[in-house]
């Protein structure tokens with residue numbers, strides 16, 4: 001009998017509720033077939049939360065997130081709230097507060113190319129076919145949070161903008177541990193990325209990751225400067241297995257890697273916190289794509305990135321590799337059969353909507369399970 005686990009669903013804005021509804025169908029199928037015992041609570045976040053509760057993230061929702069075994073988020077934001085709200089009430093602030101209050105410091109951004117979609121990439125098919133890279137980005141430190149920061153007036157009439165790139169040892173070590181552990185479950189290769197040639201924070205990063213590498217003799221550790229890494233991702237992306245890097249470089253490199261795949265509608269992500277004594281981590285999972293308000297409510301959204309985010313949850317929060325593989329292989333199956341939502345549509349393929357993609361995925365899962 002599977003152990004009961006609590007998941008908090010935060011559908012959010014735009015296409016969020018539609019894509020999350022398809023995840024609920026996948027989860028219900030896993031529950032009904034006796035593979036899992038998930039309990040779901042629903043709450044509001046982003047613009048939907050502001051409209052109903054006057055804040056992009058209510059304290060009660062934070063409490064639910066802290067009590068849950070994992071959080072799954074749809075999407076937040078949209079033009080409805082962009083111009084009218086002060087910065088601290090914008091939908092995206094709800095997401096940032098969630099990450100902060102859950103103490104999520106490691107952002108996992110996989111860049112996978114399914115064989116059926118290899119031609120959608122802007123790179124040559126042979127460069128990206130079979131690509132499976134995982135970028136681990138430090139999420140709560142570095143230049144986005146370092147002090148001092150700000151814009152000040154100078155005596156000569158000019159203005160000065162200051163941001164501070166700063167990392168302490170523990171911030172580097174904890175995210176590097178996540179990356180080493182991931183590499184151990186994948187291809188046993190880890191590339192640490194910084195600018196140790198010109199930045200002291202990068203030099204400290206390299207020294208600490210190298211020291212930690214002694215605890216992981218089975219992992220082949222390499223180091224690369226961030227500018228070279230960006231070039232290599234475009235030149236020969238399949239040389240990488242797991243990449244670990246800081247907040248700024250991770251922000252840039254993960255978006256670079258995302259476009260190797262051809263569609264943001266296919267990309268999941270995870271954000272992880274520290275492990276407790278039992279090895280459990282606070283975690284939030286979400287698709288990389290935005291809320292796409294222009295197609296919301298029209299059954300046009302691609303649910304696969306959110307479904308693949310749920311697959312990451314199965315794998316990394318609940319250690320259910322077999323169930324995660326089932327979901328991943330079902331996604332491969334429906335794509336191989338030529339089913340496409342509008343964002344990944346190609347001539348000669350079959351156009352389906354959000355619900356139609358969900359129908360096909362459930363049928364594929366049932367077929368694979370038998």
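In case you wondered, yes, glycine gets a Cβ from its N, Cα and C as well.
Lifted from Swiss-Prot, the feature list:
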type: BINDING; residues: 99, 109, 137, 227; note: substrate binding site
type: SITE; residues: 144; note: site 'Important for catalysis'
type: SITE; residues: 195; note: site 'Important for catalysis'
type: BINDING; residues: 227, 251, 255; note: Mg(2+) binding site
type: BINDING; residues: 290, 291, 292, 293, 294, 295, 296, 297, 298, 299, 300, 301, 302; note: NAD(+) binding site
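Where Swiss-Prot records a feature, it is marked here on the structure.
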{"residue": "99", "record": "substrate binding site", "Cβ contacts under 8 Å, 6 or more apart": "139, 140, 271, 284"}
{"residue": "109", "record": "substrate binding site", "Cβ contacts under 8 Å, 6 or more apart": "134, 135, 136, 137, 250, 254, 257, 258, 267, 269, 288"}
{"residue": "144", "record": "site 'Important for catalysis'", "Cβ contacts under 8 Å, 6 or more apart": "163, 247, 248"}
{"residue": "251", "record": "Mg(2+) binding site", "Cβ contacts under 8 Å, 6 or more apart": "137"}
{"residue": "255", "record": "Mg(2+) binding site", "Cβ contacts under 8 Å, 6 or more apart": "none"}
{"residue": "290", "record": "NAD(+) binding site", "Cβ contacts under 8 Å, 6 or more apart": "14, 75, 77"}
{"residue": "294", "record": "NAD(+) binding site", "Cβ contacts under 8 Å, 6 or more apart": "none"}
{"residue": "298", "record": "NAD(+) binding site", "Cβ contacts under 8 Å, 6 or more apart": "none"}
{"residue": "300", "record": "NAD(+) binding site", "Cβ contacts under 8 Å, 6 or more apart": "341, 342, 353, 354"}
Subject >> Collapsed DSSP category at residue 251 (Mg(2+) binding site) >> reply: helix
Subject >> Between residue 296 (NAD(+) binding site) and residue 195 (site 'Important for catalysis'), the C-alpha gap once rounded to whole angstrom >> reply: 41
Original post:
Rounded to an integer, what is the Cα-Cα distance in Å between residue 292 (NAD(+) binding site) and residue 227 (substrate binding site)?
Top reply: 31
**OP:** May I have the list of same-chain residues other than 227, 251, 255 whose Cβ is within 8 Å of the Cβ centroid of the recorded Mg(2+) site, in sequence order?
**Re:** 226, 230, 248, 249, 250, 252, 253, 254, 256
Original post:
Which residue, of the recorded positions 137, 195, has its CB surrounded by the fewest other CB atoms within 10 A?
Top reply: 195
Original post:
Looking only at 99, 109, 137, 227, the residues listed as binding substrate, what is the longest Cα to Cα distance in Å?
Top reply: 28
**OP:** Calculate the distance in Å between the alpha carbons (Cα) of residue 195 (site 'Important for catalysis') and residue 302 (NAD(+) binding site), and round it to a whole number.
**Re:** 37
Subject >> Reduced DSSP assignment, residue 109 (substrate binding site) >> reply: strand
Original post:
Counting across all protein chains shown, how many other Cβ atoms sit within 10 Å of the Cβ of residue 227 (substrate binding site)?
Top reply: 12
Subject >> Greatest inter-residue Cα distance in Å for the NAD(+)-binding set 290, 291, 292, 293, 294, 295, 296, 297, 298, 299, 300, 301, 302 >> reply: 16
